[in-house]
Every structure is written in C-alpha cells, then in structure tokens.
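Student: I am attaching a structure below and will ask some questions about it afterwards.
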Amino acid sequence: MWLLLITSVISTFGGAHGLFGKLGPGNPEANMNISQMITYWGYPCQEYEVVTEDGYILGVYRIPHGKNNSENIGKRPVVYLQHGLIASATNWIANLPNNSLAFMLADAGYDVWLGNSRGNTWSRKNVYYSPDSVEFWAFSFDEMAKYDLPATINFIVQKTGQEKIHYVGHSQGTTIGFIAFSTNPTLAKKIKTFYALAPVATVKYTQSPLKKISFIPTFLFKLMFGKKMFLPHTYFDDFLGTEVCSREVLDLLCSNTLFIFCGFDKKNLNVSRFDVYLGHNPAGTSVQDFLHWAQLVRSGKFQAFNWGSPSQNMLHYNQKTPPEYDVSAMTVPVAVWNGGNDILADPQDVAMLLPKLSNLLFHKEILAYNHLDFIWAMDAPQEVYNEMISMMAED
C-alpha cells in the first residue's frame, strides 16, 4: 500500500515541481541481461544451458578471465558462485567491478562460473514441462541440491578439465551445498573448498518478518500465492528501482524496508545501485521452495520437504516423516563468514551449525553485517573477498 501511495505522489508532484530529485543518473545494468552486465565492464562472457537429470534447463555463465590477464592461456583455478533464495547470478556482478566478487575473482586469475537455480529468471525452462504448469514448480531446495548442483558442477568440471573447483555459496546457496556435499560423496570429491557466506541450515532463531509469514497455514498460503511461482521479477520491481528508490527523499524508506527483512546496516548499502538491485531482484522461485523454508522455521530442524502426509512421505522417503540432513557427514573443507546483524541467518543458528562442520577451516563473524552485505556491502572486499581470494591462492 505504501508503494502505491509513493508512486502516486511522485506522478503528481515529481515531474511538475521537481520534487523527489534522483540521486544521480540511472545505471544501465539495471536493464541488461547477465551477459550484457558482464561485457559492459569489459569482461569476457560465455553463456551455457545445463540440463538436469529431471529436465530443468539452467542458465550458467562464465567469466573465463579478467580484463587484463587474457594472455595467460593456461588452465586457471575454477570458482563456482551460487546465489541465494529468490535471487540469481546477477547478485555477484551488481556492484562496480572492484566491489563485485565475480569480477574480483576474474581479475585475480580465476575462471569464474555463475549458476542459476531452477525457477529463477534465467532458469525457467524444462524439457518436459511448461512454466505455466503446476508440475514445473513442484520443487524446493531439495531438488536444487539433488539435481541442479550435480548437473552444473559436473558440466563445469568436464568443460574446464579441472578435477576440483572452489564453491562459493550465499544464503540458500550454502543450504544446497550442505545437502549436496553431505549426501553425494562423488560430487563432494570435486570440491576443493566450500566458502559459505551467511550460511543457512536451521532457521530456528530467525527474526525476520518471514518468520511470521511462515506460520500462515499451507492451504491459506497457496490460496494467496497459488501453487506455482513465488516472487518473480516484474516491471513494477524495475519501476521501484528506477523511479522510486532512486529518489533522494525515498531511498531511506526503500533501504529500511530491505533492512526489516535482512537486518540493518545502513552505512554499507550503496543506494546509488538500487536500480540495479531491484532491476534483477527478486528473481523468483517456487511456492514449494518457500513452503519448505516455512516448514524449517516451524520445526527448527534441517530436513527434507514434508509432502503433507505420512503416505506421501513414505512414497518419497520410505518413512512417514521427512528425513533430517546430517551436515556432519560433509567432509569438504569449509570456510564460514556470518553476520552479527543478520536476522535471516541468525548468529544463534550459525552457532548450532559450526560444531557440525567436521572440516571447518575458518570462521569469521562480522558484527555489523546483515544478510545481504556479503553480496552488496561497500566494504565486502575488505571484510570478506580479499580474505577469501587469499585463502584460495593457498589452496
């Protein structure tokens, strides 16, 4: 409702009286696709489609080298970046090159690959089902871990000729990593080190308003949002980024709305990039994926999706209740960064996770950081990225 009010005020007074002046000229990347965003800054880009075992067609993007190190044609160490919930590969390239992890890695000599989970803007195709069908959207992060990660990682290993790669996950990108690398030993052997940013397994202590949404009964949630896509990107999101949140008077309102869901850290948000952030987010997922997270909030457990009845769970798991994931079974070396001000990956949940990581190499809690600071914070290079790149160089 407040958004409708704001847009009405802008339409009425903004043009006629010069009120609500923009913070600056718009950023062209707000209206670009992933390949265009990469090449806009002078980096090379390759685009691939990876087909999963169950037929989903995933958009995968590659930055094979940096702007100034193309002369070294030998094999480069490979890094795979996996985004979080309702997000996409654009998260890793949304800031300026010296502030975006994907570009920094490419300039540091790495072969950088960007993944997209099924159902988001860049992975909304299937060999068998149309995105208009309910069947297409019958997935959660279970399937991303079981099918998306193996398909993408195996493709990268085959394409590059590298036996092992570095894996960087943010938010749900860590979740599917924990599942895949603890349940699929063959896949786990292909990972050098797992770099987990704002890691999420249990969400027992999350303080985000999403916690309250999680207690909406499933039947009512489906009545409100349907059974297919959840929070897809729309033209209204673009409008918010270019015409609302880019206004001097309103950027604070937009940033505070973001902070309510992810935790507050005002000084680290580059409001001049709002149009890029909102030009590509949210990128969508399935209603089932969100319901899976709601289930974890209510149960306090890190478990597979509950299909709604003992008989349905028996069909999927051969047991009446969804099985819990055993993170301690993962032997991949892992480095963890979490935020003390993160209300999605709450520090208490992270504290429960850390003892279960049998091969924990490194842990750092950044007290001021919220959930999104790991991908967008202005000081992310100093707090996280430079440290990570140094660790990769020693691996």
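One is the number of the first residue shown, and numbering goes on along the chain from there.
Any Cβ shown, glycine's included, is placed from N, Cα and C.
From Swiss-Prot, here are the annotated features:
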- ASP342: active site, charge relay system (ACT_SITE)
- HIS371: active site, charge relay system (ACT_SITE)
- 77-376: domain 'AB hydrolase-1' (DOMAIN)
- ASN33: N-linked glycosylation site (CARBOHYD)
- ASN68: N-linked glycosylation site (CARBOHYD)
- ASN98: N-linked glycosylation site (CARBOHYD)
- ASN270: N-linked glycosylation site (CARBOHYD)
- 1-18: signal peptide (SIGNAL)
Student: In angstrom units, rounded to an integer, how far apart are the Cα atoms of ASN33 (N-linked glycosylation site) and ASN98 (N-linked glycosylation site)?
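Tutor: With the alpha carbons as reference points, the distance is 20 Å.
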Student: Quick one: which of these recorded positions, ASN68, ASN98, ASN270, HIS371, have their CA within 10 A of ASP342 (active site, charge relay system)?
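Tutor: Close recorded positions: HIS371.
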Student: Would you count the other C-beta atoms found within 10 angstroms of the C-beta of ASN98 (N-linked glycosylation site) for me?
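Tutor: Cβ-Cβ neighbours of ASN98 (N-linked glycosylation site) within 10 Å number 10.
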Student: If I restrict to non-local contacts, at least six residues apart, and a C-beta distance under 8 angstroms, what lies near ASN270 (N-linked glycosylation site) in its own chain?
Tutor: ASN95, ASN99, TRP376, MET378
Student: For HIS371 (active site, charge relay system), which residues in the same chain are close in space, meaning a Cβ under 8 Å from its Cβ, but six or more apart along the sequence?
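Tutor: Listed in sequence order: SER171, ALA198, CYS262, GLY263, GLY339, ASP342, ILE343, LEU344, ALA345.
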Student: Hey, how far is ASN68 (N-linked glycosylation site) from ASN98 (N-linked glycosylation site), Cα to Cα, in Å?
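Tutor: A Cα-Cα distance of 14 Å.
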Student: Among all the protein chains here, how many other CB atoms are within 10 A of the CB of ASP342 (active site, charge relay system)?
Tutor: 29
Student: Per 10 Å Cβ neighbour count, which of the glycosylation sites ASN33, ASN68 ranks highest?
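Tutor: The largest 10 Å Cβ neighbour count belongs to ASN33.
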Student: Should ASN33 (N-linked glycosylation site) be counted as helix, strand, or coil on the basis of DSSP?
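Tutor: The residue in question, ASN33 (N-linked glycosylation site), is coil (DSSP, three-state).
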Student: Can you tell me the three-state DSSP label for ASN98 (N-linked glycosylation site)?
Tutor: helix
